[in-house]
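In what follows, a structure is listed as C-alpha cells, so that the remarks can point back to it.
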Amino acid sequence: MASAFSSTVGAPASTPTIFLGKKVKNYYHGGNKMKSRVVRVMAAKKELDQGKQTDADRWKGLAYDISDDQQDITRGKGIVDSLFQAPMGDGTHEAILSSYEYISQGLRKYDFDNTMDGLYIAPAFMDKLIVHLAKNFMTLPNIKVPLILGIWGGKGQGKSFQCELVFAKMGINPIMMSAGELESGNGEPAKLIRQRYREAADIINKGKMCCLFINDLDAGAGRMGGTTQYTVNNQMVNATLMNIADAPTNVQLPGMYNKEENPRVPIIVTGNDFSTLYAPLIRDGRMEKFYWAPTREDRIGVCKGIFRTDNVPDEAVVRLVDTFPGQSIDFFGALRARVYDDEVRKWVGEIGVENISKRLVNSREGPPTFDQPKMTIEKLMEYGHMLVQEQENVKRVQLADKYLSEAALGQANDDAMKTGAFYGK
C-alpha cells in the first residue's frame, strides 16, 4: 500500500518525462543551478586621451575631406570596366579640381546675366520683376509688400515679351490672362480672376514658383474716355483685384468658403495707361508701379536679339536704331518681317495666284521653305522709311472725318500719285 502511494506521489525517476510537460521539464533540470551575477562598476583612474583615440580610429578620415575626386577617377581608370567610364579629358573627367573646388563650383555666386537664349533683357526691367517676385515669397518683418506689380509704358516697347523672358530665365510657368477675358456674363470676369489665382496657388502648393500674369489690364478694366461703357464687370474686376491685394492668402471662390489659407501669389499686370484704372486699385500699398521706357542701350540690345540669326553686324543695328529713334521696339520686328516680302512675292509668281490655297492649306509637300534672305543695311533702311511713311499717312489722313464730310479718299494716295509708285512695288 505504502509502495503504491509512494509511486504515485513521489514521481520516481522511472516516470516518463513527457508526462511532466516541457516547461516543468526545464524547471526540473535547472531548478538547482541558479547563479547570481555580480556587476562591478569601477571609475576610470584617469581621463581618456581623445587625441590618441582618434589617431587609432580607422574611420578618422570621414571627418576630413582630404580626397581628390578627380584623382580618384584617374586611379580607377584601369580597374573599373571601360563601359562605365567616360573618355579622359572630357567633362568632369578633367583631373584639375579637388573636392573643395567642386563644392565651391557648385555653390558659386551667379552673376546677373540679362540674356535668355541669346535674347536681351533690360537690366532695369529684370531687376524690378525679380525683386518683386522674390519679395512676395519672403517673410519680411513689419513690411507690407505690394502684391501687384504694374508695368506700363508706350505701345510696342516689349513689356509682355520682356516679362516672358524673365519668367523663362527664372523657370516660372505663369498663369496667363488677357484683358479680353474680363468681359462676359455678370460676375464671370471676377470669378475667373479668383479661379486663375487659386490655380497659381495650387502650383505653389506643389513646390513650384508661379505667378498670375494679366496682359493689357487697362484695355479691359480701364475707362477710355467718355464713350467707353463702364459696366458692372469693370467694377467687379477692380474690386476683386483690390480684395486679393488686401488679403492674398484668403482668396475664396463664389459659393464656397475654405478656411484653409492659400499661398501668396504675386500678380504682374501690363498696360499702356494706368490712369484709366480705378484709383484705389493703383495706390502704393496694393500696386507697385513701374514705368518702362527703354533707353538707347536697351533698344540696341533688343534689336541685336531680333537680328541675331540674320548675320547683321552690330554697327548696322546701332545705325538702324539711331536712324529711327522715335519708333517702338516692335517697329524693328515688323521691319525684319518686311524683308521676307520679296521672297513671298517671288514664290507667288512661281506657283501662280490660283494655286496658293491648294499649296498652303492642303498639300502633301507642306508649306514652302525659304532660304534666309540677305539683310543689308541699305535694304533695312529702305523698308524702314516705307513703314514710317505709312505711319505718317495714318496720322495725317483722317479718313473718318473725310467720310463724314465728303466721298473722297483724302490725301492717302498723294504720295503715290506724286512719285508714280505704290508701296511694296
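In case you wondered, yes, glycine gets a Cβ from its N, Cα and C as well.
Listed in Swiss-Prot for this protein:
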type    : residues                                                       : note
TRANSIT : 1-43                                                           : transit peptide
BINDING : GLY153, GLY154, LYS155, GLY156, GLN157, GLY158, LYS159, SER160 : ATP binding site
Key: Cβ neighbour count (within 10 Å, all chains shown) around GLY158 (ATP binding site)   = 24
Note = With neighbours defined as other CB atoms within 10 A, the best-packed of the binding-site residues LYS155, LYS159 is LYS159
Request  = Any same-chain residues 6+ apart from SER160 (ATP binding site) with CB under 8 Å of its CB? Would you list them in sequence order, or say none?
outcome  = ASN215, THR270
Message = If you count other C-beta atoms within 10 angstroms, which of the binding-site residues GLY153, GLY154, GLY156 is the most crowded?
response = GLY153
Spatial neighbours, same chain, of GLN157 (ATP binding site) - Cβ under 8 Å, 6+ residues apart = TRP292, ALA293, PRO294, SER328, ILE329, ASP330
